[in-house]
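Listed in TrEMBL for this protein:
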type	residues	note
DOMAIN	283-357	domain 'U-box'
REGION	255-278	region 'Disordered'
REPEAT	418-460	repeat 'ARM'
Amino acid sequence: MGEEEKGGGEVVEILIKTVNEIASISDYRYTVKKQYCNLARRLKLLIPMLEEIRDIKDSIIPQQTLKALAMLKQALDSAKDLLMFGCEGSKIYLVLEREQIMNKYHEVTAKLEQALSGISCESLDISDEVKEQVEQVNIMPCDICGFMLYALHNVEVELVLAQFRRAKGRVDANDVELYEDLLSIYNKTNDSASDLAVLRRLCEKLQLMGIADLTLESLALHEMVAATGDPEESIEKMSMLLKKIKDFVQTENPNLDAPAREKNLPPSGSGQAIVDGSHQMPVIPDDFRCPISLELMKDPVIVSTGQTYERSCIEKWLGARHDTCPKTQQKLTSTALTPNYVLRSLIAQWCEANGIEPPKRPSSSGTSNCSPAEHAKIKFLLHKLTSGCLEDQRSATGEIRLLAKHNADNRVAIAQAGAIPLLVGLLSTPDPCIQEHAITALLNLSICEDNKGSIVSAGAVPGIVHVLKKGSMAARENAAATLFSLSVVDENKVTIGSLGAIPPLVTLLSEGTQRGKKDAATALFNLCIYQGNKGKAVRAGVVLTLMSLLTETGGRMVDEALAILAILASHPEGKATIGAAEAVPVLVEVIRNGSPRNRENAAAVLVHLCSGDQRHMVEAQELGVMGPLVDLVQNGTDRGKRKAQQLLECISKFLEQQNHTQAQIEAHIQQPQPSSMANSGDS
């Protein structure tokens, strides 16, 4: 036989393999189980026909049949993808996007029907028994009737119903109820008894009854959105539904072995506090929860799109060979993960304020898995550091910088080999290249938690401050980033602040590049969490610099400036200096038009300014702050709502007192006075 026959035999073998793979798929999601099981069962009936075609020895497979087999291969591949989608996909997604899923199902069955209609059983001498099985497969488009009725209306529904009555009969009311239940929960904000009944029904039907189920659903949701390219708005909607279901499950089953329940952590939430007996448990703010696991983050890291995730969750995502950001679906330009130290500090602060033990990061083992050859290379590089030859020192610091950048084992091995004191000694070198390599190597080494203490103990802070003052711009930026990294450890905040780091950070914040300003701002924010550093920052002139950043064209530093001002406003010197800088009009404008987080921080600053100072209250009220505050109470973040409510109560109380005082003055004026005639008569 010719090449066409041979090619046909290979295609048939692939078809048989694909159908067998389809047959092995099981456990379809509840919402598509009936349709997908029927589709898989019908496709399994193709096996006898394909085996007979494969075993044909004495006849040539017609060209038309070969084309039909090629079309069938494409159709089966599509069917396999569809069925895998229904087996591993997000349960919530499959309900909410049921029209899209139905359309895909319809496309696949149409492709299969078209391909099968091109296979001539007569010309292939296929047995009558197999022909009957093929005919059964060819009627499978009827299976879509129940699924199609969701999207069809009026006359179309009647026509489809009449056409497929023998195959299916009617719409599955349970599927419609699931969809309506999810929309009902999404559109309601208050938990009523009826809502709780709906949530209970959803959990049972979607089989989301435990933390393991919910975690798998969260991962499946993000993977499905990545596969289909749904926009961020869509995943936000589905994530909100999953949060509500998760809150319900954890509230109904308080003894679940859930990560969020360990060490007295509350469940994640949608804005409502969870009441546990007489104790009201605070809801985890959305910004503190990983978008994938929905849990309070222990080790938050930033990906190249700027989104933050729990390290273990995003590593699992990347390990599955995804190259997009789970939340935004933007393509990742790098797989590097940058620790989000600011967020980690904020989470620790929030936990402390709410009487919750902060989550502990997975600790590093303190041991390195570097090979003997790698250890030997590190030892050789350290020898070059001490050689006294500038060229050797340049090359060695550059290589150590790169080794520490890309590998956690290298960071441990380099530190254990004694590199930190040598690098600290090179911070004061007059050679700008060596200095930049040395500070950057220390920055990379500081990513390892165990190295932070070693760097500070080696006396690095004065050298880092020297680089921050005198180094090249790139070196100054990395010096600021190093101080930021080291200040994650609370005792280091005190040390860094006492050794003169804050004034040069303020200078970099004022005159640095955009990256330099960002590095300086994050370092200052972290350092000013310690009360003793707030006055130092204020006296270094940070408030005027921050006010300048708030009003500069483009507003690229507004987020950072407001976050730092919100911390400084709680300090007496900070409050006085911010008030003197004419900040109230800027703050009112941010409350009116800013982002949710910026509105929250602006309100927090204004709360401090108005506390005990009528001037700022009057100014804010005259600038029309009341309306934006009412809107913030209704639509802001949880903290923003609280701050706005405080301001409204404070200003309202002040206005009431003013009105009362004015009324007393007017009443006093209107009181009748003794006449002069009466006075003269008495005399």
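Note that Cβ sites are derived from N, Cα and C of the backbone, with glycine treated the same way.
Bear in mind that TrEMBL entries carry predicted annotations, made automatically and left uncurated.
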> Average pLDDT across the domain 'U-box' (283-357)?
Replying inline: 80
> Helix, strand, coil residue numbers for the repeat 'ARM' (418-460) per DSSP?
Replying inline: 34 helix, 0 strand, 9 coil
>> Please count the residues of the domain 'U-box' (283-357) that DSSP assigns to helix (H, G, I), strand (E, B) and coil.
In response: 25 helix, 13 strand, 37 coil
